[in-house]
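**Student:** Dumping what Swiss-Prot says about this protein:
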type	residues	note
MOD_RES	1	N-acetylmethionine
MOD_RES	14	phosphoserine
MOD_RES	29	phosphoserine
MOD_RES	88	phosphoserine
MOD_RES	91	phosphoserine
MOD_RES	94	phosphoserine
REGION	110-157	region 'Interaction with BCL2'
MOD_RES	117	phosphothreonine
REGION	243-448	region 'Evolutionary conserved domain (ECD)'
REGION	423-448	region 'Required for membrane-association'
């Protein structure tokens with residue numbers, strides 16, 4: 001409630017408001033308190049608070065002669081309470097007045113004054129429900145509240161007075177009637193109390209049922225939350241499975257499209273592309289033959305022969321044809337024919353050129369043997385298709401191919417004692433016959 005601040009040789013004491021805690025500056029009158037002022041400040045609100053028990057009874061007896069005094073026209077009864085200063089001045093709350101010290105306010109006088117002021121505020125706080133000291137604003141607020149309470153109390157007093165007047169006007173009959181009504185009301189009260197007890201019992205039962213229902217509702221909420229989590233998980237899995245299903249369906253559609261495309265694709269035509277490049281017949285862009293003006297590398301010629309052997313071997317397997325006298329062995333650019341009469345005899349369909357090429361006739365024998373296999377393929381096709389005819393007739397014994405539709409000349413498939421131009425043309429005619437055979441096999445076995 002009080003604080004202190006030390007500065008050099010003096011001490012300034014300040015108090016704070018007990019409501020807003022703001023620092024207060026005390027009025028100068030606190031420095032010159034006399035005995036009467038102190039008694040007025042410390043006196044209780046009611047005079048009976050200072051009386052002894054015997055004196056209180058005597059006061060009450062004396063006051064019974066004139067309990068109410070009409071002082072205003074508003075009908076409010078008031079009792080006169082003598083002020084505390086009219087009572088004995090020798091009370092426990094008396095103070096010893098402190099004057100100014102001769103030395104201008106020593107620390108001892110300041111401490112005594114602080115103690116007197118603090119005790120004064122404590123006594124004032126003990127006499128009422130309000131703690132002291134208060135600032136001016138809080139005091140105004142407190143006064144407003146007290147005025148409001150006073151108005152409410154005055155209104156209550158007026159209401160009590162009106163009720164008293166009504167009671168005084170009632171006669172004895174009304175009293176008897178009121179007694180009967182009172183008994184009826186007492187019975188009604190007992191009945192209502194019984195109903196209240198029944199309602200209370202029902203309330204307890206309902207409260208127990210409510211607790212059970214709330215527990216069940218909480219359990220259902222937990223189950224609902226669990227079901228919601230499971231539903232969300234299943235929904236996520238469903239979405240993932242839907243995505244996978246759509247992906248699989250797209251893959252199936254793509255695979256079906258590729259399958260339909262493959263079904264429509266001629267495997268032989270796609271694998272073996274026979275065409276021509278100038279005077280050369282080509283298979284898969286490999287030229288078969290050579291000219292003085294265009295010396296094709298033997299590696300390319302050997303690769304073309306490898307593709308040609310592979311084509312005839314595939315056509316024969318498709319038809320189920322077994323060649324007589326020779327067996328085709330596709331082996332890339334080192335393909336050859338194997339003699340069935342002499343297993344150790346191999347006829348190579350590849351050559352490296354050089355001087356050995358002119359004296360070694362195995363390459364020529366291999367090309368004639370291959371022409372024999374083409375002739376066997378033609379004869380096998382003619383057994384089932386009499387109208388089938390190749391554009392160039394082949395003479396296996398001489399190893400030549402005749403240009404029946406053109407000049408009518410014959411061209412040897414051998415290299416010895418033959419020009420490169422005629423050899424290249426014979427190979428071109430042979431590839432043309434194979435192209436016709438490939439087209440026939442594709443037409444016959446396309447849907448098989």
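Glycine is treated like the rest: Cβ placed from N, Cα and C.
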**Student:** From the Cα of the residue listed as 'phosphothreonine' across to the Cα of residue 29 (phosphoserine), what is the distance in angstrom?
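**Tutor:** Spelling it out, the Cα of residue 29 (phosphoserine) and the Cα of the residue listed as 'phosphothreonine' are 11 Å apart.
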**Student:** Could you pull the average pLDDT for the region 'Interaction with BCL2' (110-157)?
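**Tutor:** That region's mean pLDDT is 84.
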**Student:** Please work out which residue of 29, 117 has the most C-beta neighbours within 10 angstroms of its C-beta, and give that one of the modified residues.
**Tutor:** 117
